[in-house]
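Engineer: One structure, as structure tokens, below. Some questions next.
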2 protein chains.
Amino acid sequence: MPQIDAERFLKDLNELRQIGRYKTGVHRPTYSPEDMESRRWLMERMAEIGLEPSIDGIGNVYGRHRGPGPHLLAGSHIESQNQAGWLDGALGVMAALALARAGLPVDVAAFADEEGHFEGGFLGSKSIIGALPEEEIDRSRSRNDGTPLREALAAAGLAGKPRMQLEPGRHKGFFEMHIEQGTQLERAGLRAGVVTGIVAIWQWRITIEGMQDHAGGTTMAERRDAGLTAVRLLAMIDQEMPKACGERSTWTTGRIAVEPGAPSIIPGRADILFQFRDIEVATLDRMEACLRACVQESNRRERCTATLANVSKSLPAPCDTAMMAALDAAAERNAPGLWQRMPSGAGHDAQYIARVMPVSMLFTPSIGGISHHWAEDTKEEDLALCCQILADAAEQFLKG
Amino acid sequence: MPQIDAERFLKDLNELRQIGRYKTGVHRPTYSPEDMESRRWLMERMAEIGLEPSIDGIGNVYGRHRGPGPHLLAGSHIESQNQAGWLDGALGVMAALALARAGLPVDVAAFADEEGHFEGGFLGSKSIIGALPEEEIDRSRSRNDGTPLREALAAAGLAGKPRMQLEPGRHKGFFEMHIEQGTQLERAGLRAGVVTGIVAIWQWRITIEGMQDHAGGTTMAERRDAGLTAVRLLAMIDQEMPKACGERSTWTTGRIAVEPGAPSIIPGRADILFQFRDIEVATLDRMEACLRACVQESNRRERCTATLANVSKSLPAPCDTAMMAALDAAAERNAPGLWQRMPSGAGHDAQYIARVMPVSMLFTPSIGGISHHWAEDTKEEDLALCCQILADAAEQFLKG
């Protein structure tokens, strides 16, 4: 079994944490000076290990293994959300480095803008599989300040550089280690999570049109209260969705807003952002049918019209069976009884890489489930343990 | 019967409409140059009729009848909401002038800031009945720009002027004519509404505390979704309130806001503004009990805590039986079968004057129910008709 240099792995993580440091976390928005500094730092680390480092026209940093195959791909991203945690994507990239350092035939990748500082998001993993057309780069702007992506690439010194593509057939699979963005492992007292797949997110906007009126002068019988229709519709969805969903499905109303929102005015309009997530398309289809039936029933009953619009539908990315089996075995060997299988509710680079090769993910526990916040953290012994599990699984999967 | 000079009454309304004109409406915020110009204009009209005009330290304009009693008080307010209609309070003041002009022993009053441009609102009608302490004036600020009320009074030239009080025993009752702020008269094809009273408004804030979490990483079982608790509570109120309310009660959720309001974040907090209105305190008490029971039941069932806070409770102001009977008779004589009794769902100066003398109100129909908007309007023939009904009722009530 390969032996991870846990001390060096934690030292790498802590060195990278100094670049764009913010409290106990980091602030490294994509293509910022701090982000570019971290990419140069990463290429130096790759070169030290003997990998062949490069950076491409979208900012992907790639460390190519110089030896013979079969190869694995491992990594994640190193830019951060604004004022966010030190682990997140950085953890997956440093773990990949640790695997290469331990002698495994691993190409290490840090994909640009998984965090979506620019419209579209996942720029690097989309680009490297050929799913990021030039027109999307032309159109995209910073969500922070509106800077066109082209301008940001030029300012970062990346304009005109070619964009690399994954070499077909080179990799047997992709491993991504990540901190759990939740508390399932912590609550269950577990130290590792073998990810079964990355859920798809289907996002919706529901708009309800009523009639804005004076709350004193308008009788209950006369009203067309868009807020009340929203409440009844959302209560119906709350009742019906459990009949359609799967065991691990989630659904969330992230936004409810009524206009104008004043105490004595009957709302004339309501705006709802709704989404559901699952790993099975059949389940997602059932949930969509349930949502559509609720909206239809609302429009049959109510005096305000609800309009349902799909905002986006991502594809679920199931993890590879053989890779999961290798992770299961490695987890059981290193942490007997202290791991579980679980889906990833959040999106990751692996979901795009899954379109071109088998993928798998390993979750470390998150202290208090804090994510996308500078206080994000995992115990050092859990980080080291999971990195060793990843290395063992990688070796076993290569042999299998 | 006194004969209203309808032409002159409409001419007055149209002249006043030129001061602070905005599209077909007016913009006369309290103590603005336009508002003060309209107050001076009103004093000139009072003097022409033979009334003794004065303005006091809160901006109330008063035209005192010089003849013997018994006297009536009539009027309303002449400042407007921002960019609002030409009628609203101005209608009641011009109708009062028309009654005085027709020879009725009427004192005419224009009470300052019924519209509440300054915190507290109803400054003039509260002041004239002795219900506006100096400390409230010290504290109050403009809701438009934060200017202290004291500064605004000084800028308007009112600082240091004494504030007038109603002379106890002088008035047999108060008549206020107003445009309906709704469509009940228009929909029923009616031309006048005899107001049975001004409803009380009881306002509440419901705050729900949950736990903000990532919509992907948090299972349904782990969630404490403040938005969902809000939906279930409001759906319960929607079910239960009809069992507690009166025939003419209204209840309104004017604001529903969830924080942070992003598509992939489980709301950690919900903020609800809720109010109900009725003319009977017993009904209001039942509705409060219903609301409290719903919140209590929510807290028994849910994982998020709902906190109910009372924001304000106004008193209902029932209209005087004899005055209503006089208005009924005058309406039936001038518009047989084309009038009805109805409560006022909105607040008016009459609700404060009701604390010191009998009051009554007469509503004119509103075209499309538009209120607090420059497009507010009533047909001229309905304005003239209602002014004649008011005059007839005033005379009959004085005799009775």
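Every residue number used here counts from 1 along the chain in the order it is shown.
Backbone N, Cα and C define each Cβ position, glycine as well.
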Engineer: May I ask you to find which of A:D88, A:D138, A:D145, A:D392 TrEMBL records for the Zn(2+) 2 site already listed with A:E115, A:H372?
Structural biologist: A:D88
Engineer: Where TrEMBL shows A:D88, A:H178 binding Zn(2+) 1, which of A:H71, A:H77 is named for the same site?
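Structural biologist: TrEMBL lists A:D88, A:H178 binding Zn(2+) 1, and from A:H71, A:H77 it also lists A:H77.
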Engineer: Report the member of A:H77, A:H178, A:H372 (the binding-site residues) whose C-beta atom has the most other C-beta atoms within 10 angstroms.
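Structural biologist: Buried the deepest by this measure is A:H77.
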Engineer: Taking the Cβ of A:D88 (Zn(2+) 1 binding site) as the centre, count every other Cβ atom within 10 Å, in any protein chain shown.
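Structural biologist: There are 25 of them.
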Engineer: Give me the mean pLDDT over the domain 'Peptidase M20 dimerisation' (A:201-299), rounded to a whole number.
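Structural biologist: Averaged over the domain 'Peptidase M20 dimerisation' (A:201-299), per-residue pLDDT gives 95.
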Engineer: Which secondary structure state does DSSP assign to A:D88 (Zn(2+) 1 binding site), in the simple three-class scheme?
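Structural biologist: The residue in question, A:D88 (Zn(2+) 1 binding site), is helix (DSSP, three-state).
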Engineer: Just to be sure I understand: of A:H77, A:D88, A:H178, which binding-site residues have a C-alpha no more than 10 angstroms from the C-alpha of A:H372 (Zn(2+) 2 binding site)?
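Structural biologist: Final answer, ordered: A:D88.
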Engineer: Residue counts in helix (H, G, I), strand (E, B) and coil for the domain 'Peptidase M20 dimerisation' (A:201-299), per DSSP?
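Structural biologist: Taking each residue of the domain 'Peptidase M20 dimerisation' (A:201-299) in turn, the totals are 38 helix, 33 strand, 28 coil.
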Engineer: Taking the recorded Zn(2+) 1 site as A:H77, A:D88, A:H178, identify the other residues of that chain whose CB atom sits within 8 Å of the mean position of the site's CB atoms, giving them in sequence order.
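Structural biologist: My list of surrounding residues reads A:S76, A:L87, A:G89, A:A90, A:L91, A:G92, A:V93, A:E114, A:E176, A:I179, A:H348, A:D349.
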Engineer: Would you mind listing, in sequence order, the residues at least six apart from A:E115 (Zn(2+) 2 binding site) in the same chain with a Cβ closer than 8 Å to its Cβ?
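Structural biologist: A:P29, A:T30, A:H77, A:E79, A:S80, A:Q81, A:G89, A:G121 - these are the non-local Cβ neighbours of A:E115 (Zn(2+) 2 binding site), listed in sequence order.
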Engineer: With a radius of 8 angstroms around the mean position of the C-beta atoms of A:D88, A:E115, A:H372, what other residues of the same chain does the Zn(2+) 2 site pick up?
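Structural biologist: Surrounding the site, in chain order, are A:S80, A:Q81, A:A84, A:G85, A:G89, A:E114, A:S371.
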